[in-house]
Amino acid sequence: MALVSTATVASSSYHCDLLLFPAARRSWRGPRRSRGGAGARLAVLERAGGLAVLERAGAGAGLAALERAGAAAAAARREEVVPAGNGRSSSYEVESLIDRLSNLPPRGSIARCLETARHRLTLQDFAAVYREFSRRGDWQRSLRLFKYMQRQSWCRPDEHIHAIVIGVLGRQGPALLDKCLEVFHDLPAESRTALSYTSLIAAYARNALHEEARALLDQMKAAGVAPTAATYNTVLAACARATDPPVPFDMLLGLFAEMRHDVSPSVRPDLTTYNTLLVAAAVRSLADQSEMLLRTMLEAGVSPDTVSYRHIVDAFASAGNLSRVAELFSEMAATGHTPDSSAYLGLMEAHTRVGATAEAVAVLRQMQADGCAPTAATYRVLLDLYGRQGRFDGVRELFREMRTAVPPDTATYNVLFRVFGDGGFFKEVVELFHDMLETGVEPDMVTCENVMAACGRGGLHEDAREVLEYMTREGMVPTADAYTGLVEALGHAAMYEEAYVAFNMMTEIGSLPTIEAYNALANAYAKGGLFQEAEAIFSRMTNNAGIQKNKDSFDALIEAYCQGSQLDDAVKAYMEMRKSRFNPDERSLEGVLNAYCIAGVVDESKEQFEELQSSVTLPSIVAYCMMLSLYARNDRWTDAYDLLEEMKTNRASSTHQVIASLIKGEYDDSSNWQMVEYALENSTLEGCDYSLRFFNALLDVLWWFGQKARAARVLEQALKFGLFPELYRDTKLVWSLDVHRMSVGGALVAVSVWLNKLYDRLKRDEDLPQLVSVVVLRGEMEKSTITRGLPTAKVVYSFLNDTLSASFHFPKWNKGRIICLKSQLKKLQSAIDSSNGSATAGFVPMTNSHLPSPGSKIYTREEAQVDNGTGHLPDEPLVEEKESELLPL
């Protein structure tokens, strides 16, 4: 079948007898495999120009500009049958016609639609109708209307209408190219100009048919129709984007040479031409050709734009010679063609993609030396690069420099919030937010979400509330991500009720909770061992919201079960996670290791630790401390010392070395202790989630190794960093210690420090409260009698009563507290007074013991079972006061 149909086109005035291509070429009626992506060609073609107007429009003009460019010339040539009339009434007629045609059934009469407006519509009005149908992609109605117009003398289509209809049909794929040809052939040969030819060429080019587009250009010249720059640009773009096979670059240069040597000024290469060639050179990694094109461009008086510079940089980047781009820019500046800021920005971004920090900074300095002022975007690229490399001092210094050169904008602050938030500088994020407001830069939703996320990870619940209040005050509706930060922050402060209220507030304002929000609330419960609450929130997530648990959800459940001493359930949750085809990461494996270590099973724990070692480059300090505590509690001192030596000789992590030396007692003096403080502070950069696990594990191992004084110093550092804010709470009625989020060893450290503080207060003869309370458990489990049998509750209870002669007991009204009433406090105070100035420093001696030698039996002797949490609890002492009177407290 011939490429172009030889049938007579439906027209009363013209018979199509011109074949655009030889009959031997294949038919266009069947589907054809795309060779370069029609969408990609469309983007290029719409940047191509047309006629003189289009040439001046530049790269962004597109085919619509081509159609507009021909409208004026077509209007000058045609004889108007219908007067233009009033503009307002014409616009009304156009809108009415569009509505009538849109509602017309498939076999409805177009003539009837046009009866009322027959003599009130001009061809310009019809062009507006076609453009609307083009926007909708409604080629069927466009074609029906066109065929109607062909049969009418009062509205016979001119070249402009033909061009528009060809454009509408050409956007629908190769199957309609035959119809594009029919419309083209309907136009008499003597009426065809560059406008109609370029429209047809664009239709082929849009469908990745560069060979046919090039042949059309040749036939256009043979017919005596002079092409324009838009015509060449359309063909050039189609050839440049061809990929199967790609068009040789020399052929593209041949087209370019034709344009340059054409005597017509309308064919002079423009910005679109050069950008098309530059992108082709970049794709082919032709750096030398890109440089040649740049020089030719400047000599022709065509100024490069952002697109030009980006493709030049890409070409040299692909060739691995970015340094030459900097030289080119310097040469341009020396000849008075200083590149704009976008050029330097593109070069800087190319350096940042390969992590070349020094080279990226050198671009900034060259930019300043060449007299091109850096923009906020310039600094943002470097700020982001420094942040990704962990060079936070560099971020701060560069930001100070930026403020003296260009005012930071919202996007700059957003980069800083993300950089410092990822780096663990959560308080600095809040300070920057206040700085942003003071300097008059308006935050957007991304700003608030980033700040809330930092507050969440850092446990800064008060700051999170302030940000949320700011959003409400400014009329911003907080998103689920913003509320997730608040939920997380409240959870890190053990403010479970407030976190639950904030979670529910999302739904009330229409921001449905995401899986991250559910996980944040579950993680809050997990840290405190509130496994029943965690189960309930995940049940709500699955059953009500239809969201399935992800790996983070399972990690939260495992931790909740471990902290709540439901060790079998922790292992079951891990197995369920594996069945759900979530690959466990370090956090997951640590969770199961924690369960085994709490259960005291050495062989299973050792096997799990070995699996962790095989899965990650280096197990975290948390994992090492878990194993050390397990070995200590089981008097496996040889294994413990081997593991300590492994940590101390590790060359991959100085933090592992410092912590091992801390446990062995080698860093007690003030100068070395600064190294310990630095290592502890670095752990907080990971966020509260990791910090709580880190300090719990470290306090646990220090306690079981008998290093009470060092443990007290570590606990002091944890409180200094804002961890365990619930630990000490005093009122006139209650002095409280809350250890429900601590490991067994960590709880014993906190209880020891607290008892010594209690000793000092009793010695100072302060007003005594109604009771003192040690909180060992929170949540639904406070109502259960099995609380007393859980490890932390049992060990803390035994320790308190061994230290203070059965002064503490579990009250009937709450199973998660161990209390001492005022009457017992008075007895303790009397006992202290009767000591008459003895040298006792407190209830608990906080000293460091010598590390036990291998083979020692400290925790596995029968008399030590209670201290190790395995002995039986004594009966509760009788209490004279009625506990019901204490309920209001």
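Each residue, glycine too, has its Cβ placed from N, Cα and C.
Here TrEMBL flags 193-227, 270-304, 305-339, 340-374, 375-405, 409-443, 444-478, 514-544, 550-584, 620-654 as repeat 'PPR'. Taken from TrEMBL, the feature domain 'Smr' applies to 737-826. As annotated by TrEMBL, region 'Disordered' applies to 865-889. Annotation source TrEMBL lists compositional bias 'Basic and acidic residues' at 873-889.
Non-local neighbours of the repeat 'PPR' (340-374) in the same chain are 304-306, 309-310, 313-314, 316-317, 322-323, 325-326, 329-330, 333, 381-382, 384-386, 389, 391, 405-406; each lies 6+ residues outside the stretch with a CB under 8 Å from one of its CB atoms. DSSP states for the repeat 'PPR' (375-405), grouped as helix (H, G, I), strand (E, B) and coil, give 27 helix, 0 strand, 4 coil. Long-range Cβ contacts of the repeat 'PPR' (444-478) within its own chain (Cβ-Cβ under 8 Å, at least 6 residues beyond either end) map to 410, 413-414, 417-418, 420-421, 424, 426-427, 429-430, 433, 436-437, 484-490, 492-493, 495, 498, 509-511, 520, 687-689, 722-723, 725.
Counting residues 6+ beyond its ends, the repeat 'PPR' (409-443) has Cβ neighbours under 8 Å at 376-377, 379-380, 383-384, 386-388, 390, 392, 395, 399, 402, 450-451, 453-455, 457-460, 463, 467, 470, 684-687 in the same chain. For the repeat 'PPR' (444-478), the number of residues in each DSSP class (helix H, G, I; strand E, B; coil) is 27 helix, 0 strand, 8 coil.
Sequence-distant contacts of the repeat 'PPR' (550-584) (same chain, at least 6 residues past either end, Cβ-Cβ under 8 Å): 515, 518-519, 522-523, 525-531, 534-535, 538, 541, 591-592, 594-596, 598-599, 615, 741, 781, 790-792.
Per-residue confidence over the repeat 'PPR' (340-374) averages out at a pLDDT of 89.
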